[in-house]
Structure formats: C-alpha cells, structure tokens
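Worksheet: the structure to be examined is printed underneath.
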Amino acid sequence: MKDEEQPSAGSALQKEGATSATHLETITPSRAHARPRQTGDNRRFPAAETCPTMSRTSLTRFLIQEQHAGRINADLRQLIAVVARACTSISIAVSKGALGGVLGDAGTGNVQGEAQKKLDVISNEILLEANAWGGHLAACASEEMDHSQPVPDIYPRGDFLLLFDPLDGSSNIDVNVSVGTIFSVLRCPTNVELPGDDAFLQPGSKQIAAGYCIYGPSTQLVLTVGHGAHAFTLDREKGEFVLTTENMQIPAATQEFAINMSNQRHWEAPMQAYVSDLLAGKEGARGKNFNMRWIASMVADVHRILTRGGIFIYPWDKKDPSKAGKLRLMYEANPMGLLVEQAGGAAWTGRERILDIQPDQLHQRVPVFLGSREEVAEAVRYHHAHDEAKG
C-alpha cells in the first residue's frame, strides 16, 4: 500500500473519539495503525508485507522479469510456461498411481528397445499436445519416439526446438520412487522450413534453456535460461510454480558419489581404479571417506547433487561394447550438464566436456560424470592418465 493511501494515526484516533492533542503527539504513525485500502464493494487488499503470498515470485513473474532483462524473448517465455503446465499435468497423473490406472507396462517399446510404461506414453502425449499449437515451436524430439516431429502444418511454427525425456526413471514408478521430466531447448537453424532430425544435431553448448521437473514428495521444476539454475516448487492449491531456491550452487568438493556398483566388473581400467580409491576411504590414496548413494532415477540422483553436492556417474561399460554409454546425450546428458554447469559444477564423459560434443545422431549415448567440479576433475584425471600410459 502506498504511503499516501494510508490513513494517518490522527485520523484513526479521531474516528475512535480520541481528539486530545496529547494523544496525537505521543502516538507515532506506523504501518500497524494503517487500515487496509478498500474498494467500492468493501473488499480489502492487505499490504504486501502482511500477505506472504504477495511477495512470492511465481514462475510466470520470473520469466517476465527475464524477458524484461533481455535474457529471453516472448516466445521462449511462452515455451517454458507451456512445458511447466505440461509437467503439472504429468505430476497429477503420476500422483494418482494405481488409483488412476496408470501403472504397469504399456505393452510397447521405444526406439532404444526398452519396454514402455503406461506413464511413459501418457507423459509423451501430454508434452506433444501441449506444445503443438502455440506458435513458439518448430519441432520436438522425444526419447520415446524414433524421429523428431515437426509442428503440424495446421499450426504456426516458431523458432525453437524442444527435446525431452517425458518420464525419466519410469522403471521405478511402480515402486513409488521419484521420477521426472527432462527437457532441452535449442534454436531452429535458419532457412529450415520443415526441421527434421538433422536440425537437432547441435552441441549442448547451443542450448538456450534446459530443465527438469521432479515428481517426489513435492513437485519441483529446476530451470536455467543460461543465467544460473533456479528451483521452483509447485503450489498445488494455486496451481503455480513458485521460486524457492535462487542460484543453486554445487559445492566444489564432495564425499558422496552416485553409481550403480553392480556393473563394476564391466568397467574399464580407469573406472575400476577410480572407484577402488573411493571405496578405500581415509586409508586409501584419496585420504577421506566417501558415502555412496544410488536411486536409479537420474532426475532424483542429480537433484540431490544440485541440492547438496556429490558426483553422479554412469560410465561406459563392456556389457554392450557397441553402445558408447547408457544415457542419451540429447535428452539427458546435455540438459543436466547445462544445469550442473550453471550451478558451478562440471559435466564430462570422463574424457571430454559433455556440452562440447557434436552429436551425429538423435539418440546418441554417452558416459556421464557430473556434479562437484573438483571430483569430476579427479575422475577425468584417472581417465587421462590411463590413456597417456597406453600411449
């Protein structure tokens, strides 16, 4: 409430019958004496400082502020807002679980040969439908689809490309473990009227926005538009995301690592040596004890690292030597890599920076080491030392 709209302490006293000059001289005007501003129909609007919800920064307000600062344009603002609304719908579907009949296998497989869960298919359709008609998107690509999909001709096309893993960690959905949606935004190359798969083959450093939405005890959206990583929590009562952590920062050093140890026998030599030294603890070469964490849901594991530090590792292994790694570069490694770097961390394959990789196929796989930058550098050192020794 503006100062000129607040009744003075004197006018309040006069209405209560206290007209003595002594009273007027001894009472100091303060916000406590101000009366709420009233409209013609007697509705009252409290001052912002007395209403916590009025001082909150919603995702909508945050994006408008980013646009005013010249960091994003109106179309990108709209695209992110649409993705956030789609994530809200996915969150509702996930939370219904068995009550919504959404658990279990869909009876189909994706391009990677993985069995699809019902929620994989549902989440994919929600994202496709939400982004088809707004005019901000040229095409989208999904981990669940063989090829990219341009916006239908009946709708206007925009300048952006959207990639997403609609439901990361979906193998855990039947046991009620946190899952999430990962997304990445690229600019469509100029002079491309009908973008195909080739339009998406850009290095991660070309991303103009990236994020994920984690569906856990609360639903959180973690977002970057290239100026820090920020977390928004879904207020279910109001149906909006609210900024709850600004400029997330990953500690440079850590004593936690996240890895699937059951694959240890399949790792290459530098990975074997690196993890052996972690497990040796204080008595080993590293001189400190480490704790291991593993949720088997990338969104959940990376969210913990963004919140409290650590290193997430999914290395190349010999179980299937024909695959360069387990995780997808375009749908998982690139967006997570950008978020982690924006939070002060690092993201490498063990030998090169993830965001520098020039992809040659839409569903390309890579090894992933990301998190606290000093620990990522240590893992990279083991790999480079091994390669140099081999000549």
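A Cβ is built for glycine as well, from the same backbone N, Cα and C atoms used for every other residue.
As recorded in TrEMBL:
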REGION    1-51  region 'Disordered'
COMPBIAS  17-29  compositional bias 'Polar residues'
DOMAIN    58-246  domain 'Fructose-1-6-bisphosphatase class I N-terminal'
BINDING   Glu143, Asp165, Leu167  Mg(2+) 1 binding site
BINDING   Asp165, Asp168, Glu332  Mg(2+) 2 binding site
BINDING   Asp168, Gly169, Ser170, Ser171, Asn260, Lys326  substrate binding site
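TrEMBL feature annotations superimposed on the structure.
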| residue | record | Cβ contacts under 8 Å, 6 or more apart |
| --- | --- | --- |
| Asp165 | Mg(2+) 1 binding site | Ser142, Glu143, Thr181, Ile182, Phe183, Arg328, Tyr331, Glu332 |
| Leu167 | Mg(2+) 1 binding site | Ile90, Val94, Lys117, Leu119, Asp120, Ser123, Asn124, Ile173, Val179, Gly180, Thr181 |
| Asp168 | Mg(2+) 2 binding site | Val179, Gly180, Thr181, Ile182, Tyr212, Ser297, Met298, Val299, Glu332 |
| Gly169 | substrate binding site | Val177, Ser178, Val179, Gly180, Ile295, Ala296, Ser297, Met298, Val299, Ala300 |
| Ser170 | substrate binding site | Gln116, Lys117, Leu119, Asp120, Val179 |
| Ser171 | substrate binding site | Lys117, Ala296 |
| Asn260 | substrate binding site | Trp294, Ala296, Tyr314 |
| Lys326 | substrate binding site | Tyr314, Asp317, Arg365, Pro367 |
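In this structure, Glu143 is the one among the binding-site residues Glu143, Glu332 with the smallest number of other Cβ atoms inside 10 Å of its Cβ. Listed in chain order, the extra residues whose Cβ falls within 8 Å of the Cβ center of the Mg(2+) 1 site residues Glu143, Asp165, Leu167 are Asp120, Ser123, Asn124, Ser142, Glu144, Phe164, Pro166, Asp168, Ser170, Thr181, Ile182, Tyr331, Glu332.
Residue pairs drawn from Asp168, Gly169, Ser170, Ser171, Asn260, Lys326, the listed substrate binders, are separated by up to 17 Å at the Cα level.
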